[in-house]
Amino acid sequence: MAPNLDSFFQTVDSNADAFIERLRQAVAIPSISADEARRQDVVKMGMFLKAQLETLGAKMEARPLGKQPGKEHLELPPAVIGRYPAKKQEGKRTILVYGHYDVQPAEKSDGWNTEPFELSVDDKGRMYGRGSTDDKGPVLGWVNVIESHQKAGVDFPVNLLMCFEGMEEYGSEGLDDFIVAECKPGKFFEDADAVCISDNYWLGTEKPCLTYGLRGCSYYSIEISGPGQDLHSGVFGGTAQEPMTDLTRVMGSLVDTNGKIQIPGLYELVAPLTKEEQSLYSNIAFTMDNLYESLGSKTGIFDKKEETLMGRWRYPSLSLHGIEGAFSQPGAKTVIPAKVTGKFSIRTVPDMEPHEVDSLVFSYVKDQFAKLSSKNKLNVFLQHSGKWWVASPNHWNFTAAAKAVEKVWKIKPDLTREGGSIPVTLTFEQATGKNVLLLPMGSSTDAAHSINEKLDRKNYIEGIKLLGAYLHYVAEEPTS
Ligand code: BES
Ligand code: ZN
């Protein structure tokens, strides 16, 4: 029997302004995990979330995760875990939800039109602010679902287990071991029947999707040093071997203009494309214009949608991110940097094993550097790595979510994979032994990680209905 969701939906609508206020409070906390100086704000955001859920009667705990690897003076932000209702309701399914309360860095001077840590809602209902779509809106979605059930007087359909972390944007440091430990018999996540993660986006702006795959991410640094200190290029240019010259040549040898990775052997690790998989791409609601709209330009690598989707979902990519120690201010400073660290990452796909990728990367970088016959010193190392994940969408968890999408958005969702990474997805799947679903709230134009990140009011409010409806359908779905 289809659940009656009317009074829950009406309550979401009538509390919409309060839910936006809650998002405003959350966005105001600059919980940037990559910035040591902001660590107290990350903790503050975790505590804000915990307090909001406690007020609603959930049983919450902030679990310490220890020191940050490589930065022993720095405590990791806690895993905020919880259960709602506080006491387990026997005979109901238990759904474990995950999200992250940390955000990417943001400065107004990066090019934002508004203050990044002040939620700013325009007349079209676009709610701008760092973390609005990634991932504070979706995380608060779960809080709003609980509150709406209470206000509507509707029985909560499942036991909800929650796991919210504060280091996702930095590779989920410390969380893997914690999840594995808490999925053991007698521990907090022991009785999860399925997992739901709301931390990705629709492919376009009109059609919702359910996501069953993510790429992995292996993040590397190349450090090149030589002189004892920064030098004057007038005095030493032409007499000293320059680290930056070596670094840009090594970095420039990693990938070409069309995204082709130059590391020998890397593509041999990639699972071949089957006919069955190939046939999936043309049916996905995605156009080249969706890509151009999100890019803000027409500088895509491929002209066809199928190749574009495959380039994003099922082939590896290598991106160059930045150079630490290089001169990057405006103006013209005649410096020779003494030590520079180049950063790049590889998005990995089935069947690439991270340690095999590492050894191909290390030997290629060393070979390229050796070819330069430089007297400078090279050090190449891995910063973090998270594995790719591909699951089966033929499961009651996905069937229930598809019904919820149809109920709320009046359209069947596409089944998609994604190019981004959520490192703990595979860990949840392996540690619980249960199905994991990605159920996005925001859309392709939300600009996560970029300037002017936003979440549309409609996606937030209908997204709250979607998360709630999903819990009702999941409670009723027969075992598949
Ligand atoms: N929400 C994203 C993950 C994502 C991005 C899913 C795009 C689907 C499409 C998440 O917050 C994120 O950005 N993760 C990092 C992880 C990395 C640091 C290991 C990422 O993908 O860069
Ligand atoms: Zn995210």
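The backbone N, Cα and C atoms fix where each Cβ goes, and this holds for glycine too.
Fair warning: this is a prediction, and the values are worked out from it, not measured in the lab.
When Glu169, Glu173, Glu406 are compared with the Mn(2+) 1 site residues Asp134, His449 in TrEMBL, the one appearing in that site is Glu169.
Record check, TrEMBL: Mn(2+) 2 site residues include His100, Asp134, and the candidate from Asp17, Asp35, Asp199 also listed there is Asp199. According to TrEMBL, Asp199, Thr334, Arg347, Ser421, His449 bind substrate; the candidate from His73, His149, His232, His384 that the record adds to this site is His232. When the recorded positions His100, Asp102, Thr334, Arg347, His449 are screened for a C-alpha within 10 angstroms of the C-alpha of Glu168 (active site, proton acceptor), the residues that qualify, in sequence order, are His100, Asp102.
The binding-site residues near ligand 2, defined by a Cβ under 6 Å from one of its atoms, do not include any of Thr334, Arg347, Ser421. Candidate recorded positions: Asp102, Asp134, Asp199, His232, Arg347, Ser421. Those with a Cβ under 6 Å from ligand 1, in sequence order, are Asp134, Asp199, Ser421. Closest to Asp199 (Mn(2+) 2 binding site) by Cα-Cα distance, out of the binding-site residues His232, Thr334, Arg347, Ser421, His449, is Ser421. Minimal Cβ crowding within 10 Å, among the active-site residues Asp102, Glu168, is found at Glu168. Taking the C-alpha atom of His449 (substrate binding site) as reference, the shortest distance to any of the recorded positions His100, Asp102, Asp134 belongs to Asp134.
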